[in-house]
Amino acid sequence: MTDPQPSVLLSTGTRMPLLGLGTFRLQGQEDTYNALDAALAAGYRAFDTAAVYRNEAHVGHALRCLLPKHGLSREDVFITSKLGPKDQGSKARDGCLRSLEQLELGYIDLYLIHWPGTQGLPVGDKRNPENRAQSWAVLEEFYAEGKFRAIGVSNYTVDHIKELLRNCKVPPAVLQVEFHPKLSQKELRAVCKETGVCFQAYSSLGTGLLLSDAVVQDVAKECGRTSAQVLLRWAVQQDIPVLPKSCQPERVKENGCLFDFELSGKDMERISALDCGEKICWDPTQVS
Ligand SMILES: NC(=O)C1=CN([C@@H]2O[C@H](COP(=O)(O)OP(=O)(O)OC[C@H]3O[C@@H](n4cnc5c(N)ncnc54)[C@H](OP(=O)(O)O)[C@@H]3O)[C@@H](O)[C@H]2O)C=CC1
Ligand SMILES: O=C1CO[C@H](CO)[C@@H](O)[C@@H]1O
């Protein structure tokens, strides 16, 4: 695999790029193709989709067309997808097979349990832990068969991670959660560090809402960058992989220019001081 961009080493021994394109709300073959085309041209080598985004087929199709155009092969890109809550438990095998079929890329680099709940079950229902364990056992099988090159979880709390680590054969390689200056996730990051799980950020731009934050804008002005670049740089400078989403090719390009500048220690601290524990995207622990 050519490695044109910085990456992190996963517990599986494979590497995951620090920069990936988020695809939630990227809809339609044409928009998906154009966003991925701009991303590959800008050096992105990772793409994050999910069964619930209903765009796995579009992402897979776009990549099959675009990889030759950019002189790349399958091994040059890192594809993440996720098991939806309706397939949690007894339907996990079907869900995993469906993602592989929709993407049609041979294998998936990283497959995550999207969130801890099961569709149709109340959050506190006793069947939830059983379903999570059943899903994980299926992910382990696909991992053993090489269909998934790494497996992990998303939106898990510290307790969910501990529950999984107590019972798994293969430990999770990645935890993907909301992370940005207003939500530092200190406890989760400490658990990930202790247990060798790679902590990955989503909604690094605060779904767009942090772009107008006064401190972020001030730092951006000082270093001649955009707010989006400052927010993303703040994360990757801590070795935390990011997944900015944009359906606008110019913004995709802008968000990809992260590795040719550095934030000073003082600016990193000013941005980190924005932490107030605020979830901007959603609260996945309250959703079945
Ligand atoms: N595991 C999970 O549960 C979750 C995973 N994710 C993943 O993380 C990805 C990113 O998170 P997401 O919540 O989408 O939010 P982001 O924080 O990436 O923000 C995306 C929003 O910011 C806008 N935007 C992007 N770049 C710029 C820019 N340079 N200037 C101005 N506006 C910009 C986009 O609009 P526009 O498209 O119009 O440019 C969009 O509205 C998702 O797409 C998904 O892949 C996200 C949420 C939950
Ligand atoms: O991954 C996701 C993106 O964010 C959404 C919330 O806004 C989630 O519903 C979804 O699972």
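Every residue gets a Cβ built from N, Cα and C, even glycine.
As annotated by TrEMBL, active site, proton donor applies to TYR53. Around the Cβ of TYR53 (active site, proton donor), the same chain contributes THR23, PHE24, ARG25, LEU26, each under 8 angstroms and 6 or more positions distant in sequence.
Taking the Cβ of HIS114 (substrate binding site) as reference, residues of its chain lying under 8 Å away and at least six apart in sequence are, in sequence order, ALA50, ALA51, VAL52, LYS82, LEU83, GLY84, PRO85, SER154, ASN155. Among the features that TrEMBL reports, substrate binding site is placed at HIS114.
Annotated domain 'NADP-dependent oxidoreductase' per TrEMBL: 19-274, in sequence order.
According to TrEMBL, the site 'Lowers pKa of active site Tyr' annotation covers LYS82. In three-state terms derived from DSSP, LYS82 (site 'Lowers pKa of active site Tyr') belongs to an extended strand segment.
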